[in-house]
Amino acid sequence: MTGLSTLTEASDSRKMVDPYGRTISYLRVSVTDRCDLRCFYCMSEDMTFLPKADLLTLEELDRLCSAFIAKGVRKLRLTGGEPLVRRNVMSLIRSLSRHLGTGALNELTLTTNGSQLARFAAELKDCGVRRINVSLDTLDPAKFREITRWGDIQKVMAGIDAAQAAGLAVKINAVALKNLNDHEIPSLMEWAHGRDMALTLIEVMPMGDIGQSRADQYLPLSMLRARLAGQYTLTDVDDSTGGPARYVKVNETGGKLGFITPMTHNFCESCNRVRITCTGTLHTCLGHEDASDLRRPLRASAGDELLYETIDRAIGLKPKGHDFIIDRHNRPSVSRHMSVTGG
């Protein structure tokens with residue numbers, strides 16, 4: 001990926017501001033919808049993935065990300081699916097890291113299930129990645145296999161070990177699942193904090209058909225927080241990493257605990273994020289079906305002006321917020337899966 005321009009600070013005329021005055025500075029990009037696990041709250045076991053020919057090339061993803069950086073994005077997170085299963089994805093990460101060197105980008109990071117981390121951790125650090133999120137819902141090997149349908153937790157643990165050895169800061173993301181891992185959260189938190197890792201808890205979101213009712217999985221984090229407050233001293237902290245989590249300090253462990261609550265207390269009022277799928281579809285809101293095709297303008301011209309115009313039109317339609325609903329009749333609020341949208 002040579003010959004691609006480097007960027008400097010976005011001019012005010014290019015910055016993205018939505019109709020509600022929110023400046024867009026955070027881009028999440030799904031580099032693939034594929035994953036080597038099948039977490040039951042995320043996708044069905046017999047998930048049909050997109051034809052590889054439908055995906056943007058790595059060069060196109062680089063150009064698209066660079067266009068958003070030119071328009072004021074300061075934080076870029078690569079997601080999936082599982083981003084590290086995309087062939088040659090490290091060449092994309094290394095190329096995007098040039099924007100860290102110019103100062104146009106403050107942070108380049110990714111969310112991963114950890115299965116490939118042992119292989120890539122050192123190279124990620126070498127590319128300028130400083131911290132990563134690892135999705136891990138349990139410490140129990142049998143329960144991990146149940147949730148992921150076939151995953152080996154030892155691979156994830158080896159990946160976390162490799163990431164910390166490489167000097168990467170690791171944050172653990174865990175989806176709170178009713179009657180499955182909710183009573184394990186204290187031990188998961190103490191384990192994470194004991195290894196100098198923050199833990200962020202996430203409510204189940206009604207995205208995509210998974211073949212079962214999410215009402216059976218959904219646990220309001222307000223209930224879980226109240227339960228934890230009976231065991232630990234939780235002190236609110238104003239410590240945002242640019243995402244939707246609200247953090248507390250756990251006095252007994254000294255660590256941070258985050259809550260992402262799209263169902264019980266959405267985070268729309270401060271939303272600074274948009275998402276791009278691996279096919280070049282721009283979603284300005286996680287909870288709405290509305291989307292804009294960026295692949296067409298990307299391929300229509302070697303220049304970026306048409307792409308900028310399409311992005312600006314989409315940002316101008318960004319909704320004020322979403323209202324997710326867990327439907328007992330097993331109908332998702334949003335038809336697309338999180339693995340396609342970019343988790």
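Even glycines carry a Cβ here, placed using N, Cα and C.
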Practice problem: Let me know which member of T102, T111, T138, T310 Swiss-Prot also records as binding GTP at the site of R28, R77, K171, R273, V274, R275. | Solution: T111
Quiz item: Do you know which of C278, C285 Swiss-Prot groups with C268, C271 in the [4Fe-4S] cluster 2 site?
Solution: C285
Quiz item: Restricting the comparison to the binding-site residues C35, C39, S135, C268, which residue's C-alpha is spatially nearest the C-alpha of R77 (GTP binding site)?
Solution: S135
Exercise. Sorry to bug you, but what's the C-alpha spacing from G81 (S-adenosyl-L-methionine binding site) to C35 ([4Fe-4S] cluster 1 binding site), rounded to the closest Å?
Key: 5
Quiz item: What does DSSP assign C271 ([4Fe-4S] cluster 2 binding site), in three states?
Solution: coil
Quiz item: Could you state the CA-to-CA distance between C271 ([4Fe-4S] cluster 2 binding site) and T111 (GTP binding site) to the nearest Å?
Solution: 19
Quiz item: Can you name the binding-site residues among Y41, G81, S135, C285 whose CA is within 10 A of the CA of R273 (GTP binding site)?
Solution: C285
Quiz item: What is the nearest of the binding-site residues C39, Y41, R275 to C285 ([4Fe-4S] cluster 2 binding site), using the Cα of each?
Solution: R275
